[in-house]
Structure formats: structure tokens, C-alpha cells
Amino acid sequence: MSVIGIVAEYNPFHSGHEFLMNQARLAAKNDPIIVVMSGNYVQRGQMAIMDKWQRAKAALASGADLVFELPFSFAVQPADIFANGSIKMLSDLGVSELFFGVEDANLNFSYLGQKINQIPKNRMDFRDYTQTYATQYNEMVAREVGHEVNQPNMMLAVAYAVASEQLKNPLHLHPITRVGSGHDDPLLQDKIVSSATAIRNYCLHHPNDLSELKKYLPKGELVSLESQKVYPNWNLLFSFLKYRIESASLEELQSIYQMSEGLEYKMKEEIHTAEDFTSFLRQIKSKRYTYARLRRLCLYTLLNVTENEIKDSYQDVSTLLLGYSSRGRNYLKKIRKDVQVPIISKVDKKNAASGTLGLQVKVDRLFEQIIGEDQNFGRKPIEVK
């Protein structure tokens, strides 16, 4: 049996994701497809536009057999930690094949992963404080392996390859060339596949009429988007962030995960004059940090996620089962006794008291307040026949 894995955010699920799923299904035939998906917060430091249950439902409708939540501790992180957490989780769940979308599928990603893992860890490549870590990393990779990886999906793909090659049994990698718009294209394009960024932007600017999105979404997804009472975004959250920064002491801010190099002082200083979240980011931006890094820091601050909480969560890693098909249920029965990561089907006070699930429940409290629906307690995995 070949078990196929996909790492995803599905923010939201669109035609490009459906294309990748179809390619995976052609390869899998009757074998299971497992998706590890970010929860209600995504890698670049934002709330997802739809909750994790609706996005899992879309994946199942498109052909996934099992959808698991990637814990917050891994999901809202730079590419290397995001990849390490998701790839190890897929491996622990028995996945042997990884499908992912990239701008250039002709590269030998396994080879790139091997080469990058051979680079000494004590190098001085990342000491230039006039450039972001991401820029320095990409320059180092290009210098060492001869390929630039500065496009979003390429960077993640290389991170997947590096993480895979660190496993005892590396995954077989299957890069699939992306179709349609670029990853970060902000506007809808006259193509069948538009970027998730463009779709989110359209939802925020035209919440009362989403009919234009129909051609970019799989069947049924437009109805799901239209049923949303609110589309979570940083504009909604900025007043909460402002209160949090203004009311917290410097000592409290210093305990926040990834708060470093005096950023707490800069945030305290600039929050008073910032008109909105975008202007606040510009005011605290420096050459040292990417906007994604600062958005993540703002999210950690808003949710009061501390350095110790992240460290403690890594001592007790589990994953929440969001949904399954009949094929997925049968596969779970076969592996459940031997699986390397605890699988949670029902959240209760005991399993939510600590670890990655405990932190997930904590951070989801705000998301619940925004959308008005419970996200953990009282929920059960979605079943599709």
C-alpha cells in the first residue's frame, strides 16, 4: 500500500487545490490520501478565512480520506519549522509519498534536501542584520546547490525536502507544477485557477456578492463561503492587538514567543500612532524582519503565546482528526495501535490540559469569539461516505 500525504492550509480550498488532489488520487488509485492541514491560524500569521472544519470538509469532498490538524505550534511558524512538523506528522501516520505544488516541478527536490542537510550548521551566513533571515537563507541555498528558491511554494517545497531527508525513511517526493495565478497575486485573474490571496481579498472587499468567485472554486465551496457570517482578518483584530500591547507590561511582552531584539519597545512605541494593522506593520518593519515574521509575532502577542508554552507543547505532540472517508476509517483501524503520534477524535478536559492540543484550544478561543462557533469541545470528526 502506498499512502499519499499532502500538507495544506486551504485558505480557502480552491480549484488549484482540487487539481493537486486529483493528481494525487490518480496516483493513489484505491490507496488513502492523508492531509495534514493548518487549523484556524495559518503559516504567515493570519486567521484562516474559514474555520478548520469547513476547510476539512472541502478537502474530503475533493478526495481526501483523512484530514488531521497541524498543531498551532508548527502551523504558525517559518517554513523550516512548519515543514518539520507537518512532514514528521505525515510520516508518523504512515505516509510514504508526498504530493505538493511548485512553480518548477523539474527540480530534483530529494537531491536538494540531501545537499542542504549536508551544509554545516555553524556557518556565518545569517549574520547580516541588514537582510532578513529568509533572504540570507535563499542566497545561501542558491550558492550551495545552484538553484534559487525565492518563490513561496518553492521555499516550502525545499523545506519539505530537507525535513523528509532527515527522516529514517524519507518520503518519495512528487512535485506537481502549479497552474494558474502566482501564489501571492492579489487580484483575481482571467484564469480557471486564481490565488488564495486574491480570493480572500475579494471576500473582504465584496462580502455581499461573491458570485464572481464561482469559477475559481470547486462545486459547493461558493455556498460555504457565502454562508460565513464574518471573514476573519487583521482589520477585525487590530483593536484587540492594540489593547493587548498597550495594557501589557514590558515584562509580559518579553515573555511572548519570538519577541526579541527589543521589539517589545518598538511595538509599545508605535502602537499609539498606528491607524490600522497595515500601518503598524510598516512602522515596526526593519530590514532584519520579513512582514510574515512580524505578523506571526503580532499573532503570538494577541493570543498571549509564550516561549515556554511553545517549548512545553513540543513535549506532548498530538493531532486532532478533523474528518475521514470510509477508506480513511478503514486505514485508521489498521494503523491506530502502531501509529507514532496520538490521534485525538474528541477534545475533552483531560487531553486539552496540556501539549499541542492544550495550546490549540487556548488560541482557538479568540477565533470562536470572532465567528461565533465552538471549534474544539463538542465537535466530532466529519464523516463522508
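Every residue gets a Cβ built from N, Cα and C, even glycine.
What Swiss-Prot records for this protein:
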type	residues	note
BINDING	7-20, Gly101, Asn153, Arg178	ATP binding site
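Features recorded in Swiss-Prot, as mapped to the structure shown.
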| residue | record | contacts (Cβ under 8 Å, 6+ apart) |
| --- | --- | --- |
| Val7 | ATP binding site | Val35, Val36, Met37, Leu70, Ala83, Ser86, Ile87, Leu90, Leu98, Phe100, Leu156, Tyr160 |
| Tyr10 | ATP binding site | His17, Met37, Arg55, Ala58, Ala59 |
| Phe13 | ATP binding site | Arg55, Ala58, Ala59, Ser62, Leu217, Pro218, Glu221 |
| Phe19 | ATP binding site | Ile176, Val179, Val193 |
Query raised in the report: Using DSSP, would you call Val7 (ATP binding site) helix, strand or coil?
Result: strand
Query - Cβ neighbour count within 10 Å of Gly16 (ATP binding site) - result: 21
Query raised in the report: Which state, by DSSP, holds Asn153 (ATP binding site): helix, strand or coil?
Result: helix
**Report entry** Cβ neighbours of Asn153 (ATP binding site) where a neighbour is any other Cβ within 10 Å
**Finding:** 17
**Report entry** Reduced DSSP assignment, Phe13 (ATP binding site)
**Finding:** coil
